[in-house]
Amino acid sequence: MGKGGSLSDSVLKKILLSYTYVAIWIFLSFTVIVYNKYILDKKMYNWPFPISLTMIHMSFCATLAFLLIKVFKVVEPVTMSRDLYLSSVVPIGALYSLSLWLSNSAYIYLSVSFIQMLKALMPVAVYSIGVLFKREGFKTDTMVNMLSISFGVAIAAYGEARFDTWGVVLQLGAVAFEATRLVLIQILLTSKGITLNPITSLYYVAPCCLVFLFLPWIFVEYPVLKETSSFHFDFVIFGTNSLCAFALNLAVFLLVGKTSALTMNVAGVVKDWLLIAFSWSVIKDTVTPVNLFGYGLAFLGVAYYNHAKLQALKAKEAQKKAQQADEEAGRLLEEREGEGTGKRSESQN
C-alpha cells in the first residue's frame with residue numbers, strides 16, 4: 001500500500017510539474033505578445049520600430065546566453081566548426097531575423113486576436129515546405145486537413161473588422177519564414193546530429209540575427225529615429241520586455257525538455273484562445289462571430305493534426321519497443337542454443 005502510494009505521489013508530482021511548465025510558458029508567451037503589441041502600437045506606447053525592438057531583444061538575449069554558457073557555465077556549448085556555422089547557422093539566423101521582423105511589424109497593423117488566427121496556418125506552412133524539401137511525404141488526408149485549416153483562416157480573415165492587407169502580408173510572410181526555418185533546422189542541424197537548446201541557439205543565432213537586421217535598420221528605421229530627437233531609451237520598458245523575451249526562451253527549454261514539443265503545440269492552442277479572449281475583453285479589439293467560426297474550423301484542423309502526430313509518435317515508439325523485444329529474444333535464444341551446444345559436447349566427452 002505504501003509503495004503504491006509513493007508511486008502515485010511521484011506520478012502526481014510529475015503531472016503537477018508538467019502543468020506548471022505549461023502554465024509558465026503560456027504566461028510568458030502571452031506576456032511577450034501583449035507587451036510587444038503595447039510598445040509597437042501607435043495607439044498605445046507608440047514606438048513603431050519593429051526592427052529596433054527585435055535588435056534590442058537579440059542584443060539582450062545574446063549577452064545573457066554568452067554569460068550563461070561562457071561565464072557561469074550553466075549550459076554546455078555545442079562544438080561547431082566555422083564551416084558548419086556559415087553553412088547551417090547563418091541561413092537559419094537570416095530566416096529567424098526576417099520572421100521576427102515581419103511578425104513584430106504586423107502588430108502595428110493588426111489586432112492581437114487576428115494575428116493569433118493567422119498563426120494557425122503554421123502547420124500548413126511547415127507541412128508544405130517539408131514536402132517541398134522532401135522532409136515530409138505527401139499524404140492526401142494530411143493535405144485535405146491542411147486545406148481545412150486554410151479555409152477556416154480564410155473565413156476568419158473575411159470576418160475581420162480591422163482587416164489590413166499589408167498587415168496580413170507581413171504576418172503571412174513571418175509564418176512562411178518561420179516554417180522554412182523550422183524545416184531547415186531539421187535539414188542543416190538535426191540530420192547532422194546537432195541539437196541546439198534555446199540557450200545555445202540564442203548564443204549562436206542571435207549575433208547572426210543582429211548582423212542581418214542591422215542592414216535594413218540603417219536604411220529603414222535609423223533615419224526616422226535620428227529625426228526623432230525627443231526619443232529617450234526607456235530602460236524599464238525595454239529592459240523588462242527583453243527579460244520577458246529571454247525568459248520565454250528558457251520556458252521553451254523547460255517545457256520541451258521536461259514534456260515534449262507536442263505538449264507545447266497543444267499549450268499553444270490554449271494560449272491562442274486566451275489571447276483572443278484578452279484581446280476582446282481588455283484591449284477592446286473587435287472579434288466577430290465570423291472570426292470565431294473561421295478560427296474554430298482552423299482550430300479543429302490543428303487539433304486533428306496534433307492528434308495524428310501523437311498517434312504516429314505512439315506507433316513509432318511501439319514499433320521501436322517491438323524491435324528491441326525481438327532483438328532481446330533473439331539474443332536470449334542464441335545464448336540458450338550456445339549453452340545447449342556446450343552441454344552436449346560435455347556429455348559426449
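Any Cβ shown, glycine's included, is placed from N, Cα and C.
Annotated features, as they stand in TrEMBL:
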DOMAIN    20-306  domain 'Sugar phosphate transporter'
REGION    321-349  region 'Disordered'
TRANSMEM  16-35  transmembrane segment
TRANSMEM  47-72  transmembrane segment
TRANSMEM  84-102  transmembrane segment
TRANSMEM  108-130  transmembrane segment
TRANSMEM  165-189  transmembrane segment
TRANSMEM  201-219  transmembrane segment
TRANSMEM  231-255  transmembrane segment
TRANSMEM  262-283  transmembrane segment
TRANSMEM  289-306  transmembrane segment
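Spatially, the transmembrane segment (16-35) is not adjacent to the transmembrane segment (289-306); fewer than three Cβ-Cβ distances between them are under 8 Å for residues at least 6 apart in sequence. Proximity of distant same-chain residues to the transmembrane segment (289-306), defined by a Cβ-Cβ separation under 8 Å and at least 6 residues beyond the stretch ends, is recorded for 113-114, 117, 120-121, 123, 142, 145-146, 148-161, 262, 265-266, 269, 273, 276. The transmembrane segment (262-283) shares the most Cβ pairs under 8 Å with 231-255, out of the stretches 47-72, 84-102, 165-189, 201-219, 231-255. When Cβ-Cβ distances below 8 Å are used as the criterion, the transmembrane segment (47-72) is approached by residues 36, 39-41, 97, 100-101, 104-105, 107-108, 199-200, 202-203, 206-207, 209-210, 213-214, 216-217, 220-221, 224-225, 238-239, 241-243, 245-246, 249 of the same chain, each at least six residues removed from its ends. When pLDDT values are averaged over the domain 'Sugar phosphate transporter' (20-306), the model yields 90.
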